[in-house]
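First comes the structure, then the notes that go with it.
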Amino acid sequence: MQSNTPILNLPLELLLIIPELLEKERDINALSQTSRYFYKVVNPHLYRRNARSSNSSALLWAAKYGLQATAAKSIQEYRNTKACQNWLQRSFHLAVENGHEAIVKLLLSTGKVDINQRGEDGWTPLSFAAANGHEAVVELLLSTGKANINQKDRHGRTPLLHAAISGHKPVVEFLLSTGKADPSNDDALSQTPLLCAAANGHEAVVELLLSTGKANINQRDGLGRTPLFHAAISGHKPVVELLLSTGKVDINQRDKYGWTPLSFAAANEDEAVVEFLLSTGKVDTNQTDYKHGWTPLFHATMSGHKPMVEFLLSTGKADSSCKDRYGWTPLLHAARDGHAAVVELLLSSGKADVDYQDRKGRTPLLLATQNGHEAVVKLLLAHKAYAHYNR
């Protein structure tokens with residue numbers, strides 16, 4: 001063979017040896033780009049090498065970013081490798097998670113992926129698709145007739161629960177339309193799709209779940225909290241309104257610690273939710289928790305949130321002279337913590353005893369003095385607090 005013989009004139013069997021001698025994939029790729037003929041001859045070898053030596057990084061990349069042509073070529077060359085099913089499965093999860101319907105369909109067509117196999121975190125492909133709002137992929141998976149619509153992950157969450165958490169109404173709607181997704185299925189923490197949707201403020205999903213007539217609006221989680229609790233805790237007023245509008249929810253329900261929705265809203269300084277709960281005229285403003293004996297007024301007082309205290313006192317029902325399990329009143333707490341504006345509100349209610357003594361004989365004035373709250377001391381003295389401490 002003469003030295004000036006064009007490389008393209010070499011027999012095919014010799015040309016195929018060249019990429020075998022190249023160690024790096026980037027070199028094989030560079031060779032394939034030199035001409036159309038080389039691309040046709042060398043490109044399959046590039047994908048074959050990638051499948052056998054690089055853990056099919058090309059297929060994983062294609063599955064993640066939706067590169068259909070790359071995925072097809074990788075699958076073609078990857079079918080004959082020993083680890084085929086494992087890498088196809090990983091690629092399948094990636095394609096589902098990222099919503100690449102065409103690649104999901106391509107991988108399903110190999111017949112070598114398990115549609116219900118859990119990933120490393122225990123999620124099934126259907127859970128991934130539902131959680132990420134990939135409606136088309138959800139439909140595709142279910143259309144096979146093999147996807148378990150109620151299969152739970154390691155936390156006990158179904159695809160419906162994942163969709164509800166994320167607020168993907170179209171996916172929730174589709175799953176429910178099958179008639180097979182159970183809206184009462186709870187997870188390891190006893191949280192239902194309705195509870196999770198309420199906690200995350202997904203009003204449309206809450207409404208959709210309630211419309212099925214199968215979602216238990218009063219089902220409690222492991223802490224004894226219902227969807228109403230979670231909506232109030234998270235400050236989702238529209239969801240609180242929606243749940244109460246059903247007429248099936250007890251506004252004064254307590255969790256395992258004795259806290260009520262109003263207690264949480266007051267402690268969280270959520271004026272909108274507190275104002276709405278009070279506007280119903282049905283809320284008990286003096287319910288106490290089991291551990292400390294604190295009412296919503298106590299929570300608002302200790303946080304020093306004047307508007308909240310004002311809301312509660314404006315009902316005429318919040319008892320400003322009530323005592324907790326330690327014999328303390330809201331005024332004692334406010335004086336000790338230096339919340340002057342709250343102290344003034346409590347005193348102006350006319351029901352707070354300015355000289356009330358706890359079990360150790362400490363008055364609001366003494367506590368304010370000991371803690372250096374000058375403004376509170378002046379307020380208490382202005383309301384004729386007794387300035388002598390009898391131990």
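Glycine residues also receive a Cβ, built from the backbone N, Cα and C atoms like all the rest.
Positions annotated as domain 'F-box' by TrEMBL: 7-49.
Here the repeat 'ANK' (121-145) has long-range neighbours at 92-93, 96-101, 104-105, 108, 115, 151, 153-155, 157-160, 162-163, 165-166, 168, 170-171, 174-175, 178, meaning same-chain residues at least 6 beyond its ends whose C-beta is under 8 angstroms from one of its own. What TrEMBL lists as repeat 'ANK' is 121-145 (among others).
Sequence annotations record features per position, and here TrEMBL assigns repeat 'ANK' to 155-187 (among others). The DSSP breakdown of the repeat 'ANK' (155-187) into helical (H, G, I), extended (E, B) and coil residues amounts to 17 helix, 0 strand, 16 coil.
For 223-247 (among others), the entry in TrEMBL reads repeat 'ANK'. Model confidence over the repeat 'ANK' (223-247) is summarised by a mean pLDDT of 98.
Sequence-distant contacts of the repeat 'ANK' (257-281) (same chain, six or more residues past either end, CB-CB distance under 8 Å): 223-224, 228-229, 231-233, 235, 237, 240-241, 244, 251, 287-291, 294-297, 299-300, 303, 305, 307-308, 311-312, 314-315. Per TrEMBL, repeat 'ANK' is recorded for 257-281 (among others).
If you look up TrEMBL, you'll see 292-316 (among others) marked as repeat 'ANK'. For the repeat 'ANK' (292-316), the list of distant contacts is 260, 262-263, 265-267, 269, 271, 274-275, 278, 285-286, 322-326, 330-331, 333-334, 337-339, 341-342, 345-346, 349: same-chain residues at least six beyond its ends, Cβ to Cβ under 8 Å.
For 326-350 (among others), the entry in TrEMBL reads repeat 'ANK'. When Cβ-Cβ distances below 8 Å are used as the criterion, the repeat 'ANK' (326-350) is approached by residues 292-293, 297-298, 300-302, 304-306, 309-310, 313, 320, 356, 358-359, 362-365, 367-368, 371-373, 375-376, 379-380, 383 of the same chain, each at least six residues removed from its ends.
Summarising the annotation, TrEMBL assigns repeat 'ANK' to 360-391 (among others). Helix first, then strand, then coil: DSSP counts for the repeat 'ANK' (360-391) stand at 16 helix, 0 strand, 16 coil.
Below 8 angstroms of C-beta separation, residues 122-124, 126-127, 129-135, 138-139, 142, 149, 193-197, 200-202, 204-205, 208-209, 212, 214-216, 219, 221 of the same chain, each at least six residues beyond the ends of the repeat 'ANK' (155-187), sit close to that stretch.
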